[in-house]
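Visitor: Take a look at this one; I'll ask things after.
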Amino acid sequence: MKYTSYILAFQLCVVLGSLGCYCQDPYVKEAENLKKYFNAGDSDVADNGTLFLDILRTWREEGDRKIMQSQIISFYFKLFKNFKDNQSIQKSMETIKEDMNVKFFNSNKRKQDDFERLTNYSVNDLNVQRKAIHELIQVMAELSPAPKIGKRRRSQTLFRGRRASQ
């Protein structure tokens, strides 16, 4: 009976271990493929700290994290664009980009398209520069929190002070 328990426990471990391989997110395998292609597993990659992880650890509030994440995703989209003609890593980049779309953009295609359009604007294009400066005041107004609409309450001490002096 004792050996039967060991055999059953071993079989359970094998089954659970194999399920773990199939349940893994698809981007993990593709990220490993990109690591091999870019030799990103080498020890010298860790020199001088991380690019993004320390920044993400610093910011805990959801709004702050979204700002940082948007810049990081923008970087990855530009990186993938530079290697779009490389057939050996094309599938990996597409899989990861699709997963980013699901996780960051909530599968909202329009949101992703607008994001990519923003990241593709060239800062060196004179027409883009002129339009950006033309829209600057409105963009700055959008950055400010909306004013709270409502009546302001006057301090009761003002009225009490006047009554006392009269």
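Placed from the backbone N, Cα and C atoms, the Cβ positions cover glycine too.
As listed in Swiss-Prot for this protein:
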type	residues	note
SIGNAL	1-23	signal peptide
MOD_RES	Q24	pyrrolidone carboxylic acid
CARBOHYD	N48	N-linked glycosylation site
CARBOHYD	N86	N-linked glycosylation site
CARBOHYD	N120	N-linked glycosylation site
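Describe each of these features in terms of where it is and what it packs against.
Guide: N48 (N-linked glycosylation site) is surrounded by 7 other CB atoms, counting those within 10 A of its CB over all protein chains shown.
In three-state terms derived from DSSP, N86 (N-linked glycosylation site) belongs to neither a helical nor a strand segment and is classed as coil.
Around the Cβ of N120 (N-linked glycosylation site), 11 further Cβ atoms fall within 10 Å across all displayed protein chains.
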Visitor: Could you state the whole-number distance in Å separating the C-alpha atoms of N48 (N-linked glycosylation site) and N120 (N-linked glycosylation site)?
Guide: 29
Visitor: Among all protein chains shown, how many Cβ atoms are found within 10 Å of the Cβ of N86 (N-linked glycosylation site), not counting that one?
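Guide: Around the Cβ of N86 (N-linked glycosylation site), 12 other Cβ atoms lie within 10 Å.
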Visitor: Where does N48 (N-linked glycosylation site) sit in DSSP terms: helix, strand, or coil?
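Guide: DSSP assigns N48 (N-linked glycosylation site) to coil.
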